[in-house]
């Protein structure tokens, strides 16, 4: 078994000083521009272990939600899990393999050689502007696109209250113009009914809950039946999370048909680790997948399905493409959109909508736009260019 450290999701790796042979992995991380730091495990109790980890993260300038902890110590595993660290890797150096997952390790390895580091991505600040590149022979020219959009942070500004989100000015009109020229799809983490109502445009694809549920332009409904089996478990998890987190000011637990999203944008920063730890523990207890986003941590059915697989499914269900295959363009802002960026493939176009909530993180995108307003402008200009190709 191997595990991958992904610079899109992880800003730093914290190594237990008791680990053997860390040098090769540290070099790989440095080449990928992932920070590294060490902490001493053993002794001092649970609170001291938490303090050692958080101080180590502070030294490298990373928040726990974007840090990996690698340790051979079960107590440090428990401390990392209770502090909301993004990924906790146990290393079995002493034949205590069962103790590490029991204390909350996401995975247990025999050796650090089993750790992989994703390489080759650029950082958001390094990406060329998609509007400036649009239509240039040496830039962004796609005569037969299928265009996919995230909603929050892409077609809509991120707002404190998710219920208040609306498409940015001009976005729906631009989508309508584009849909007259090529296939258009909205892929959102919101419920299907929610996102389709907020956009309100007929004749396009809508995918809710990261693709567990879709409607085609003709209104045909599709859902992932394996995911539907988890609906009662998600309902129970939502109720339990409301009980556990309801006393923390600024936390909102959103129960969706195929997920439970815990929003902490309005919560105190010193409570975020606690919030994440509670959600991760619920996911581990109930056999649910834990994913993260912009100021949100979410439980989903533990099924190998995401926006990238949804994009490929939609492409496969578009009209016959044997004469000239459609080229996917995907626009998104969040870490869950990276799956779709990967899925567009070498012939597709991935466009990141920039923000600073995760710093200047790595991304698989090829181009960037500065805001949802620029997304609307890009969409309108793309529609106009396609109409002239007729």
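Glycine is treated like the rest: Cβ placed from N, Cα and C.
Here is what Swiss-Prot records for this protein:
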| type | residues | note |
| --- | --- | --- |
| ACT_SITE | 150 | active site, nucleophile |
| BINDING | 150, 152, 333 | Mg(2+) binding site |
| BINDING | 150, 151, 152 | substrate binding site |
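Swiss-Prot feature annotations superimposed on the structure.
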residue	record	Cβ within 10 Å
150	active site, nucleophile	25
151	substrate binding site	24
152	Mg(2+) binding site	23
333	Mg(2+) binding site	30
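Other residues of the chain with a Cβ within 8 Å of the Cβ centroid of 150, 151, 152, the substrate site, are 149, 153, 154, 155, 156, 186, 188, 189, 190, 195, 332, 333, 334.
Cα of residue 151 (substrate binding site) to Cα of residue 333 (Mg(2+) binding site): a span of 9 Å.
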